[in-house]
Amino acid sequence: MARTKQTARKSTGGKAPRKQLATKAWNTLATATGGVKKPHRFRPGTVALREIRKYQKSTELLIRKLPFQRLVREIAQDFKTDLRFQSSAVAALQEASEAYLVGLFEDTNLCAIHAKRVTIMPKDMQLARRIRGERA
(Lines of atoms letter the chains of each structure in order from A and count residues from 1; the text may use other names and numbers.)
(Lines give C-alpha, C1' and ligand atoms only; values in the text may rest on other atoms or scores of the structure.)
Protein backbone atom coordinates (compact mmCIF):
# COMPACT_ATOMS: atom_id res chain seq x y z
CA MET A 1 0.00 0.00 0.00
CA ALA A 2 1.39 3.41 -0.95
CA ARG A 3 2.07 5.81 1.86
CA THR A 4 0.29 9.14 1.73
CA LYS A 5 1.68 12.41 2.98
CA GLN A 6 0.11 13.69 6.20
CA THR A 7 -0.86 17.35 6.20
CA ALA A 8 -1.23 19.46 9.32
CA ARG A 9 -4.82 20.14 10.34
CA LYS A 10 -6.17 22.72 12.74
CA SER A 11 -7.13 21.12 16.05
CA THR A 12 -10.71 21.60 17.24
CA GLY A 13 -10.04 20.28 20.73
CA GLY A 14 -10.80 16.88 22.15
CA LYS A 15 -8.91 13.74 21.21
CA ALA A 16 -6.46 13.67 18.33
CA PRO A 17 -7.68 11.78 15.25
CA ARG A 18 -6.18 8.32 14.89
CA LYS A 19 -4.13 7.32 11.88
CA GLN A 20 -5.95 4.85 9.64
CA LEU A 21 -2.87 3.75 7.70
CA ALA A 22 -1.46 1.45 10.36
CA THR A 23 -4.78 -0.30 11.06
CA LYS A 24 -5.45 -0.97 7.37
CA ALA A 25 -2.00 -2.47 6.93
CA TRP A 26 -2.49 -4.56 10.09
CA ASN A 27 -5.85 -5.93 8.89
CA THR A 28 -4.45 -6.97 5.52
CA LEU A 29 -1.49 -8.65 7.24
CA ALA A 30 -3.77 -10.52 9.66
CA THR A 31 -6.10 -11.78 6.91
CA ALA A 32 -3.15 -12.83 4.75
CA THR A 33 -1.67 -14.96 7.55
CA GLY A 34 -5.01 -16.57 8.36
CA GLY A 35 -6.77 -14.77 11.22
CA VAL A 36 -6.68 -12.06 13.83
CA LYS A 37 -3.78 -12.15 16.29
CA LYS A 38 -4.88 -12.75 19.90
CA PRO A 39 -3.89 -10.14 22.49
CA HIS A 40 -0.98 -11.15 24.73
CA ARG A 41 -2.01 -12.79 28.01
CA PHE A 42 0.23 -13.47 30.99
CA ARG A 43 0.15 -16.86 32.67
CA PRO A 44 -2.18 -17.19 35.68
CA GLY A 45 -0.54 -15.77 38.78
CA THR A 46 2.08 -13.64 37.02
CA VAL A 47 0.07 -10.43 37.23
CA ALA A 48 -0.94 -11.23 40.81
CA LEU A 49 2.70 -11.61 41.85
CA ARG A 50 3.59 -8.37 40.06
CA GLU A 51 0.79 -6.56 41.92
CA ILE A 52 1.96 -8.02 45.25
CA ARG A 53 5.47 -6.67 44.67
CA LYS A 54 4.10 -3.30 43.56
CA TYR A 55 1.85 -2.83 46.59
CA GLN A 56 4.49 -4.08 49.04
CA LYS A 57 6.88 -1.40 47.76
CA SER A 58 4.33 1.41 47.91
CA THR A 59 3.27 3.41 50.96
CA GLU A 60 0.22 5.23 49.59
CA LEU A 61 -3.28 4.50 50.85
CA LEU A 62 -5.11 1.86 48.82
CA ILE A 63 -8.70 2.86 49.64
CA ARG A 64 -9.85 6.06 47.93
CA LYS A 65 -10.25 8.98 50.33
CA LEU A 66 -13.77 10.18 49.52
CA PRO A 67 -15.53 6.79 49.60
CA PHE A 68 -13.81 6.05 52.92
CA GLN A 69 -14.88 9.43 54.28
CA ARG A 70 -18.50 8.74 53.25
CA LEU A 71 -18.35 5.37 54.99
CA VAL A 72 -17.00 6.93 58.19
CA ARG A 73 -19.76 9.56 58.17
CA GLU A 74 -22.42 6.91 57.50
CA ILE A 75 -21.23 4.77 60.43
CA ALA A 76 -20.96 7.83 62.71
CA GLN A 77 -24.60 8.73 61.91
CA ASP A 78 -25.72 5.65 63.86
CA PHE A 79 -24.15 6.98 67.05
CA LYS A 80 -24.72 10.73 66.85
CA THR A 81 -26.13 13.00 64.18
CA ASP A 82 -24.40 16.15 62.91
CA LEU A 83 -20.88 15.02 63.76
CA ARG A 84 -18.01 16.87 62.14
CA PHE A 85 -14.60 15.41 61.38
CA GLN A 86 -11.23 17.04 60.93
CA SER A 87 -9.49 15.87 57.79
CA SER A 88 -6.59 14.62 59.91
CA ALA A 89 -9.03 12.49 61.96
CA VAL A 90 -10.40 10.81 58.82
CA ALA A 91 -6.83 10.29 57.56
CA ALA A 92 -5.84 8.67 60.88
CA LEU A 93 -8.90 6.40 60.76
CA GLN A 94 -8.05 5.40 57.20
CA GLU A 95 -4.42 4.69 58.03
CA ALA A 96 -5.43 2.52 61.00
CA SER A 97 -8.14 0.73 58.99
CA GLU A 98 -5.79 -0.14 56.16
CA ALA A 99 -3.10 -1.35 58.58
CA TYR A 100 -5.68 -3.57 60.30
CA LEU A 101 -6.93 -5.00 56.98
CA VAL A 102 -3.41 -5.70 55.69
CA GLY A 103 -2.56 -7.54 58.92
CA LEU A 104 -5.81 -9.51 58.77
CA PHE A 105 -5.14 -10.54 55.17
CA GLU A 106 -1.61 -11.63 56.12
CA ASP A 107 -3.00 -13.85 58.90
CA THR A 108 -5.73 -15.11 56.55
CA ASN A 109 -3.09 -16.07 53.99
CA LEU A 110 -1.16 -17.97 56.67
CA CYS A 111 -4.34 -19.88 57.55
CA ALA A 112 -4.85 -20.80 53.89
CA ILE A 113 -1.23 -21.95 53.57
CA HIS A 114 -1.63 -24.02 56.75
CA ALA A 115 -4.59 -25.76 55.08
CA LYS A 116 -2.28 -26.49 52.09
CA ARG A 117 -4.09 -24.01 49.84
CA VAL A 118 -3.02 -20.86 48.04
CA THR A 119 -6.51 -19.36 47.79
CA ILE A 120 -7.91 -17.55 50.80
CA MET A 121 -11.49 -18.34 51.77
CA PRO A 122 -13.98 -16.86 54.23
CA LYS A 123 -13.25 -19.70 56.67
CA ASP A 124 -9.58 -18.62 56.72
CA MET A 125 -10.59 -15.10 57.67
CA GLN A 126 -12.93 -16.42 60.37
CA LEU A 127 -10.14 -18.60 61.77
CA ALA A 128 -7.66 -15.71 61.75
CA ARG A 129 -10.11 -13.48 63.64
CA ARG A 130 -10.90 -16.26 66.10
CA ILE A 131 -7.21 -16.90 66.83
CA ARG A 132 -6.70 -13.16 67.33
CA GLY A 133 -9.54 -13.17 69.86
CA GLU A 134 -11.70 -10.72 67.90
CA ARG A 135 -14.60 -13.11 67.40
CA ALA A 136 -15.72 -15.87 69.72
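Here the Cβ of each residue, glycine as well, is placed from N, Cα and C on the backbone.
Swiss-Prot lists 1-20 with the feature region 'Disordered'.
Annotation source Swiss-Prot lists N6-methylated lysine at Lys5 (among others). Under DSSP, Lys5 (N6-methylated lysine) is assigned to coil, being neither helix nor strand in the three-state scheme.
The feature N6-acetyllysine is assigned by Swiss-Prot to Lys10 (among others), with similarity to another entry given as support.
Sequence annotations record features per position, and here Swiss-Prot assigns N6-methylated lysine to Lys10 (among others).
Per Swiss-Prot, the feature phosphoserine maps to Ser11.
For Thr12, the entry in Swiss-Prot reads phosphothreonine, with the evidence type similarity to another entry.
Per Swiss-Prot, the feature N6-acetyllysine maps to Lys15 (among others).
Positions annotated as N6-acetyllysine by Swiss-Prot, on the basis of similarity to another entry: Lys19 (among others).
The annotation N6-methylated lysine is assigned in Swiss-Prot to Lys19 (among others) on the grounds of similarity to another entry.
Look at Swiss-Prot and you will find Lys24 (among others) tagged as N6-methylated lysine, backed by similarity to another entry.
The N6-acetyllysine annotation in Swiss-Prot covers Lys24 (among others) and is backed by similarity to another entry.
The feature N6-methylated lysine is assigned by Swiss-Prot to Lys37 (among others), with similarity to another entry given as support.
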When each of the modified residues Lys5, Lys37 is scored by other CB atoms within 10 A, the minimum falls on Lys5
By a three-class reduction of DSSP, Lys37 (N6-methylated lysine) is assigned coil
